[in-house]
Amino acid sequence: MVLVRLLALSLFHVCLVGCQPNSSQQASSPPGEQSPLGTDKLSFPWSRLRLPRYIIPLHYRLLLHPNLTSLSFTGSVQIQIDVQNNTNWVVLHSKGLQIFNATILNQNLAHLSDQVLPVLHNPSHEQIGIFSPRVLSSGQKYFLYIEFGAELVEGFSGFYKSTYKTSTGETRTLASTHFEPTSARMAFPCFDEPIFKANFSLRIRRSQEYISLSNMPIVKTFEVNNDLLEDRFAASVKMSTYLVAFVICDFKSVTATTSSGVQVSIYAAPEKWSQTHYALEVAVKMLDFYEEYFNIRYPLPKQDLIAIPDFEAGAMENWGLTTYRETSLLFDPLTSSVSDKLWITMVIGHELAHQWFGNLVTMEWWNDTWLKEGFARYMEYISVEATYPDLKVEEYLLHTCFAAVGHDSLNSSRPISSPAENPTQIKEMFDTVSYDKGACVLHMLRHFLTDDVFQSGIVRYLRKYSFKNARNQDLWDSLANTCSEEDFISGKHCYSSGQATKNAYLFAGEHLDLTAMMNTWTLQKGIPLVTVTRKGPRLLLRQDRFLRTVLPSDPLWPTLQKGFLWHIPLTYKTDASSTIHRHLMTTHTDSIHIGEEINWVKVNTDMTGYYVVHYEDDGWDEMTKLLRENHTALSYKDRTHLIHNAFQLVTAGHLPINKALDLIGYLQYETHTVPLIEGLGYLETFYRVIEKRNEPELTHNLGMYILRFFRAVIDQQTWSDSGSVSERRLRSEVISLACHLDDPPCLEQAHQSFKDWLQSNGTLNLPTDVAETVYSVGAQDDHGWTSLLHTYNVSLSAAQKYKILFALTCSRDTSKLERLLELGLEGTVIRSQDLSSLILMVARNPRGHHLAWSFVKKNWDTLVKKFQLGSFCIRNILIGTTGQFSSPEELAEVRLFFESIKEQTSQLRATQIALDNVQKNVRWIQRNLETLRNWVNEQMK
């Protein structure tokens, strides 16, 4: 427990000035004199999780020798340090490393001591302390030299082992790194916090059949002995430890050069080399785009992108050597769908945006993780829209914001900028709030300030903090064009703080304090609900915190609302003109004059604002009427936004479900794919919750209603890969749902396609947009399922493997689902990296629903060991397996299990999010099930 740990730590000696042993041990000697070593009496000198700030690393010279046969590595590191307080101690990070010896040298590389220096370990803080009998003097530089070794990790963090199989069945091994957020310390002793930026000079020893890659290019390779080579890499720019990377492998690459001369290479396993070409084209285009958009040259001579066979995340932005899952980098024209293509393009856009946001300018601490992740997520949309307009990426931004709303409307959400101290809490910062809400708040800010002002503000921010660290406030100051007096006097591009008010942005004729406004979005959790009421010529406005877990009638409601207030940049449109009107709402209630002659008003134009809108009284009836009579009066984004808000308000208890269902009645006239998919998505969600309950009649009737309502859309689909990106995405969604609902024409076509594919021995290439559905229907009989598992085993396409894995989990045979889960746990046939996805796929299946949950409970300790407690894999497993529970009994069962593991999970947000979700579902069923049943019965008459 945390209390016990804190109690134990209070026994350590803390010296705030120099962290020297206290007077009951050895007093520190005057600088230059040596004190006798009393190693048995030394206690760990530092009690905090964060390292002391008075020793600054300047340059790491790192030598590593991984052995891919013994699966271990040895190494040495020489760290030049700048000492800013007299001290006998150097405290830094190390986790799981065996320290062979440690030495401290002066600037002339002379040893400060002829004795072996004591190294103390504090495993609970992942720190080591090195004691120097001679005081390290303030203002002096020293060299810390450490020799170390460890096993290559079985997992996904630190310096770890990965393998892949060739088409002949041979297993080959590689070693790769993943350090973010706190795992560089697993590969070499270091000052593993983002603020300690330094230069890194790497040397890697390897046998001749391998290559080595790192952040910088190789400047020299020489022979150490017969079979051993050493690669020496150029010194890096100043960067944080979490961005250091190295890979030892036998991969092949494809290379091109950007217009400014940066060499870009894509690396993959030799037999997957042909799948690298699309990524190369994207990476070159993206680097060119970002150099122009940020008006700052990419500071390294090369950018490598490499597909690692075992990789927990989607990708990682290590400077100059970005690492990816195979599904995030490799595009196989024969098996990758248009959605796969878009995903790869967006992921590359995300990681390359990080080369500026995150790498060049790094957050000071992990509480502001959003400063890089929110920006990189948002830049995905800006970069892909500019470089690949045909991919229609802007259609996906709405869904990013909808995902953020879903999370942020639970009481268990958190502010964008939140405290995070230990590694588990830091890992949990990589969540929907940092990424999706961060991106949506930036989207709102960009529309609010205008594109040009936003762009010039972030360029100012990147220039000012290049190779440094920044906080929230630094971004607001850069966007508001204000800075310190010192910067102003030195002639930098900014105004003094005294002039800030003169430079405040005008919004709807009102002056604006950008910091005050943005603090309401980043320092408090949640999302506002703006309730709109027409009263004569005026629009009355009220803001509350939008919650889907508590009703206004609930006794908890006032407490959960207290203290919440946002500065909301409102936008709205009316039938009177195409003008987008603006209003800054900074109080709980407000009103706007719109005139008597207005028939309708739509608030939050194109959902550029991060808030939910409720139209009180007969406002929703007006919207339903407008959509029925003239839906094109609103943009496709506004139509999609109305559908989303209506169903969110149903969950929150502000709107009866039949009103929201009536609203989407207009979809039979809809031709745009985005609102169609949104409406279809809600009906599918209801169906998937209800099919997991003992409600056979309602399940059948709702399925029949969906098929009948969308009949024309279903019948329009061709089983091909033709059409625009939007049309192809709709095809995938519609055909998948139709076959899941046992639509006879859909099943017939899928069976025939699967039969043709089987007879061709896999040589027939199915249309990629429908392949997953064809496999899913084919997986329903024993022969089809077994054939698919065999193809999964031998396929060289990660995209195809993912589609087949999904199909295998659609089986109605629970013994097959159990077998898949066991294969995932064992980790050979189905890699451990895919286990969390596999568990969620099984949980989606009505037959695998409780099976997946039982599997998680039974194998909890193993799962935590594989993925680490704060990881998004564990978060997805907990939230995903319980996400469609909807009965009080299931809620009680989830509570009971979480209670049994509370010693581990007491610091996890994920358990509270999962409980909030189930509670929300239970309430949704209690409030809406009978209304839904009656409504469906009415429609079926």
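Any Cβ shown, glycine's included, is placed from N, Cα and C.
The active site, proton acceptor feature in TrEMBL is assigned to E351.
Cβ-based neighbour count (10 Å, all protein chains) for H354 (Zn(2+) binding site) stands at 24. Marked as Zn(2+) binding site by TrEMBL: H350, H354, E373.
Taken from TrEMBL, the feature domain 'Aminopeptidase N-like N-terminal' applies to 57-243.
Summarising the annotation, TrEMBL assigns domain 'Peptidase M1 membrane alanine aminopeptidase' to 278-483.
Taken from TrEMBL, the feature domain 'ERAP1-like C-terminal' covers 600-919.
Among the features that TrEMBL reports, signal peptide is placed at 1-19.
The site 'Transition state stabilizer' feature in TrEMBL is assigned to Y435. Packing around Y435 (site 'Transition state stabilizer') is summarised by its Cβ count: 24 other Cβ atoms lie within 10 angstroms of its Cβ, all protein chains included.
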Check your understanding: Can you count the other CB atoms that lie within 10 A of the CB of E351 (active site, proton acceptor)?
Key -> 27
Practice item. Report, in whole Å, the straight Cα-to-Cα distance of H354 (Zn(2+) binding site) from Y435 (site 'Transition state stabilizer'). Key: 13
Study note, to complete from the structure: For H350 (Zn(2+) binding site), the same-chain residues 6+ apart in sequence with C-beta under 8 angstroms from its C-beta are A315, E317, A376, R377, M379, E380
**Study point:** Surrounding CB atoms that lie within 10 Å of the CB of E373 (Zn(2+) binding site), all protein chains
**Key:** 25
Check your understanding: Roughly how many angstrom lie between the C-alpha atoms of E351 (active site, proton acceptor) and E373 (Zn(2+) binding site)?
Key -> 10
